[in-house]
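Notes to accompany the following structure.
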């Protein structure tokens, strides 16, 4: 039978509030709205379906402080100590939100899905409080270090106030991807009951799975005469992780390798915090709520990597130790992750600590795997499955098949547009990929003489972000993108680099202002000098020369063919063409 929910009762709020659905939905139409962030949406979904039982809403200040400092909710109903819950679950708002929404104790506000504006729940405000973010980072993540992704998120994205209060469910968020693999705790428990699964070992992952993971989970199940729940996170994970669409296709390709009837795949819409030991306890509670009886806790479970000093944030066994500390309250048996290694001599995987000294072994690290995907080198069958490798190769093609963006930045009339057009022709001649040319003035129109108002620096920055978004989408699709806006500000160029988040190259056309004015046939500089055109870079707006360009050129000394050839050499050196 499935494990007892944490706190004794599965708080499935969607089921609880179903009799009031129509009334709540009608009320929400007349309430002010909070449109949730991606993290808040993940949190709310697991509050509504009972994955975060015993929570029934976002934490008030008392619960928040108690969880932050003691890993426990405030005691209720005569409890000697509060229920174990290691992770603050909070709803952050700004001062402007509080004023705009008239938030105060007792106020009711609709919580809406930002993707389709659907009302998911109604929050009754219990309190509004100001968190100490530095203390939260130290207590929950173990360090106030922005090298930790959750700490960076806390300081850079989380607003300054938290709103506590219970919620009433209207509906769960609608998903359009992998719907058959999305189970609520109630649904998964019913599934286990239907199959008569009495013991279930849950495996948490945010990475693709290969043969070693399969062997590990099969070994854990057989030792405990249990079944396996592959329960990967498909909400927010660590920045830079493989996207969940690719991972789920890889999991689907892996599942047939399990013995018939042993394993089941279900997706978890969790926003991870990468909080190591606390996160491991949290993960155990969540899997307990989903009905699992056993939970695999890995080495450096949910660790974010290195801190600002280049050391691991957490010790390799800190997570296992904290889960063990609370084993009686958790009521879910921890299965320590056993690192597996391949033995070529017997064509099998064995736990590293059970391999006799001197026995030949083979392993492929994550870095080596990424290198093989990037270069197209072979990935042996002993490491992964053909179907899994195909999924990864489809999503991460070798370098010559990947898209890239070249940002060519310089003053008006510096020659950047001429270089961009010549490079477009040269790349199109090769015919290996589609080529897109994004000229800033054509996309923006702020140099049109019909426009009689000044385009502000902020508007220029926003326009460059739009260009970056288009470039990013084209690059992900495997295209060659040549973007040639002026891009006068360092922050804008860095934003473009970040948004593209792939193969990105910066060319600075450093032709000086005097030369640009001398060859100005369109009279842009003359109009700017006469006050007819405002905020022209180099005249009454600044141009901040890049300090990190991959190529610097000057049309006074370099010909266009020479510059294009230099760019082609950069691309060839990166194995992109």
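Keep in mind that glycine also has a Cβ here, set from the backbone N, Cα and C atoms.
The region 'N-terminal' feature in TrEMBL is assigned to 1-176.
TrEMBL lists 204, 206, 302 with the feature sulfate binding site. Other C-beta atoms found within 10 angstroms of the C-beta of residue 302 (sulfate binding site) number 24, with every protein chain shown included.
Residue 207 (active site) is surrounded by 15 other CB atoms, counting those within 10 A of its CB over all protein chains shown. Feature annotation from TrEMBL assigns ATP binding site to 204, 205, 206, 207, 298, 299, 300, 301, 340.
What TrEMBL records for 205 (among others) is active site. Within 10 Å of the C-beta atom of residue 205 (active site) sit 18 other C-beta atoms, taking all shown protein chains into account.
Within 10 Å of the C-beta of residue 206 (sulfate binding site) there are 20 other C-beta atoms, taking all protein chains into account. Summarising the annotation, TrEMBL assigns active site to 206 (among others).
Here TrEMBL flags 207 (among others) as active site.
Here TrEMBL flags 337 as site 'Induces change in substrate recognition on ATP binding'.
Per TrEMBL, domain 'APS kinase' is recorded for 402-554. Summed and averaged per residue, pLDDT over the domain 'APS kinase' (402-554) gives 88.
Look at TrEMBL and you will find 402-577 tagged as region 'Required for oligomerization'.
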* Starting from the sulfate site formed by 204, 206, 302, give every other residue of that chain whose CB sits within 8 Å of the mean position of their CB atoms, in sequence order. => 205, 233, 237, 272, 279, 283, 298, 301
* Given the recorded positions 302, 337, 340, which one's Cα is the least distant from that of residue 205 (active site)? -> 302
* Asked: Nearest to residue 337 (site 'Induces change in substrate recognition on ATP binding') by Cα, among 206, 298, 300 (binding-site residues)?
  -> 298
* To do: Work out how many Å separate residue 340 (ATP binding site) and residue 207 (active site) at their Cα atoms, rounded off.
  => 16
* To do: Can you grab the distance from residue 298 (ATP binding site) over to residue 206 (sulfate binding site)? Cα atoms, rounded to a whole Å.
  => 12
* Cβ neighbour count within 10 Å of residue 300 (ATP binding site) -> 20
* To do: Could you measure the widest C-alpha to C-alpha distance across 204, 205, 206, 207, 298, 299, 300, 301, 340, the residues recorded as binding ATP, and give it to a whole number of angstrom?
  => 18
* Ten-angstrom check, please: count other Cβ atoms within 10 Å of the Cβ of residue 204 (sulfate binding site), all chains counted. => 25
